[in-house]
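Trainee: Sharing a structure below in structure tokens format, with a few things to ask.
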Amino acid sequence: MLVKLAWNGMKSKRKDYIVLLTGLVMSIAIFYMFQTLALNKEFTAENAMINSMQLVFNVGSFLLAAVTFFYILYTNTFLLTLRQKEYGMFMLLGAKKRYIKNLMFVENVLIGIMALIIGIAAGTGLSALVARLIMGQMDMSLEGYQSFYYPSMLVTFAFFLFLFLVTAIWNHVKLSKIEVLELVNADNKADDTAVKEKVHVVTVIAGIVSLLIGYCSLIFMEQLREVGVFSSAIMTTLGTYLLFSSLIPVIVKRLKNKRKWNEKGIQSFTFAQLKFRVHRLKKLLATVVMLIALGAGAISGGMAFKNNGEVIADTAAVYDTRIHNPTTEEENILNDISFTETHEYRYKTDDEFDYFLKKDLKNQRPLIRDDGSTDNTEVKRMEAALPDQNNSLEERKENAKEGGMEAEHDWLYFLNTLQDDYTRQPLIVSEGMYEDITSEEHTVFTGKSDDFMAYTEQWAALDEIRAEQMGGEEGTINTSKYAAYESYNTFATGTVFMGFFLGVAFLTMMASCLMFKVLSGANQDIPRYEMLRKIGVSKKLLEHSVYKELFLVFLFPAVLGVTHVLVGMNMFSFIIVQPYYRIWVSITLFLLIYTIYYLLTVKMYKGMVLPKEE
């Protein structure tokens, strides 16, 4: 009986429940997708590079879980508000409060189960699609990957079932504290809009100052570092809430007091509605601003982070390639690359040392990193002096073993970048000493191309050949520039996808919360619209008023939210070469989601408040 009543109650408010389900399904699907990429052990075992992504998707799951928890709490509170008058009528007709609480509990669980079933099904399809996209980006196989992964399903099911039970208990407790008359008269609460001008002036000034401090912290993040991270987060959030609790109501009041606007058509009614609306929504509107900043910022940050791969590669090595004893196959690949600078150094080896010929180093001074540059990407020509050759080779070898630095630090650092075997020490020797060393002569080629990113296929081919030559020899490791780029690119690819889907989830849940809050006050607005209709105001004018009022409600947080994103992305300017890379994508996506929810809110609100035509 309870299940049947709960089902009928949900059917009566199906539009509201469909919107709630949409947000929940999206959250569950994305959470499940993150889990399949983080927990698929067979897949990560087959693809060692994917291990670096596991942390990314686990962090994404945590952030999504935190936001979803508050989203579910809020939306369930909205649904309680929507149904509480109905519950009150049940109790007046003789139903016990315990029965009503059980009914509401069953409704919450039913919603949760439906959302989980649909969400995991959608997540399975989403996981397959995203995995293919990620593997396509990294040119890797999907061997071992399962889009329907039982452990991921269990984690998702257990976590969200726990969330639904917590929110059901929350509403259970909340309903216990509400009296019958409060439930019946839920729609008859007065709006308190008393404004104290002095308090508002102080709050507005405090809000503007807090926001300016937050923005300055974001702009000068490179100088402030850790202090900037905390001050920007705290002051920007504080400033946002202070402005929406003080400045926005004042702006609306000023608009209402302008006779030119107020006396046109039913503008007076529209601004009066907006005044009440903004007062009720001020805290939520500030929260919406922060969610817009987080959502759009996550998408923008992910793309900018991925675009930073070339910069990371440039900081990893000055020269684009380094090849020992180039083979014919390697030389053919090198011929396809346009180099701006190349060097070839001769050296001999034994069990302890790599002996580099001083003559080659003197005649071909390399480029090295300029430690004085601000972004660590500037280079300069090697100016350090080469070591004198006054003592014997044996004496110099003994000195090197004891930790003595016979050459300038810059030369030692450069020679270390030429080595593949780090068990041997580099040593610079004169031509005479070099001739006395009886071991076989080797050469190492280094080159800097005109565009590193234009030759990624060639770098990959050279690395593959080198890996086959090294064959896992002890002491050898691939430290090529391309290897550093690939390692970063793998991590960044995961970040892009995490940022995109987290951003979409945040933006969707943000817009849902705003829509639910607007609709939760619709019952209080019905008498006002009925009165205007009875005195002859046309339905078209009333509809126009709804569009305008809700447009302004949605506009206020959108403007400040986008401003937060535009200023906030600057905080990455000292670690990301283009922090605003394709930022239009995130803003366009936000505007698309926001517009859809605005139109949906208007449609549902009109259906609730405007009198039905006979």
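Backbone N, Cα and C define each Cβ position, glycine as well.
The structure displayed is predicted, hence computed values, not measured ones.
TrEMBL lists these features:
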type	residues	note
TRANSMEM	17-35	transmembrane segment
TRANSMEM	55-82	transmembrane segment
DOMAIN	59-179	domain 'ABC3 transporter permease C-terminal'
TRANSMEM	103-128	transmembrane segment
TRANSMEM	148-170	transmembrane segment
TRANSMEM	199-221	transmembrane segment
TRANSMEM	227-252	transmembrane segment
TRANSMEM	284-305	transmembrane segment
REGION	383-402	region 'Disordered'
COMPBIAS	393-402	compositional bias 'Basic and acidic residues'
TRANSMEM	496-519	transmembrane segment
TRANSMEM	550-577	transmembrane segment
TRANSMEM	583-600	transmembrane segment
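Please situate the listed features within the shown structure.
Mentor: Same-chain residues lying 6 or more positions outside the transmembrane segment (148-170) and placing a CB less than 8 Å from one of its CB atoms are 28, 31-32, 35-36, 39-40, 65, 68-69, 72-73, 76, 104-105, 108-109, 111-112, 115-116, 119-120, 123-124, 127.
Beyond the ends of the transmembrane segment (227-252), by six or more residues, the same chain brings 193, 195, 199-200, 203-204, 206-215, 217-218, 220-221, 271, 274-275, 278-279, 282-283, 285-286, 289-290, 552, 556-557, 560, 564, 568, 571 to within a C-beta distance below 8 angstroms of the stretch.
DSSP states for the compositional bias 'Basic and acidic residues' (393-402), grouped as helix (H, G, I), strand (E, B) and coil, give 9 helix, 0 strand, 1 coil.
Under 8 Å from some Cβ of the transmembrane segment (550-577) lie the Cβ atoms of residues 215, 218-219, 221-222, 228, 232, 236, 240, 243-244, 248, 252, 274, 277-278, 281, 285-286, 288-293, 296-297, 300-301, 304-305, 307-308, 310-311, 375, 514, 518, 583, 586-587, 590-591, 594, 598, 601-602, 605, all in the same chain and six or more residues away from its ends.
Only residues 6 or more beyond the boundaries of the transmembrane segment (583-600), in the same chain, are considered here, and those with a CB under 8 A from a CB of the stretch are 19, 292, 295-297, 299-300, 303-304, 503-504, 507-508, 511-512, 514-515, 550-551, 554, 558, 561-562, 565-566, 569.
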Trainee: Taking the transmembrane segment (284-305) as the reference, which of 17-35, 103-128, 199-221, 496-519 gives the largest number of Cβ pairs under 8 angstroms?
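Mentor: Ranked by Cβ pairs under 8 Å, first place goes to 496-519.
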Trainee: Would you say the transmembrane segment (199-221) and the transmembrane segment (103-128) are touching, if the rule is that at least three C-beta pairs must lie under 8 angstroms and be 6 or more residues apart?
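Mentor: Not in contact, no.
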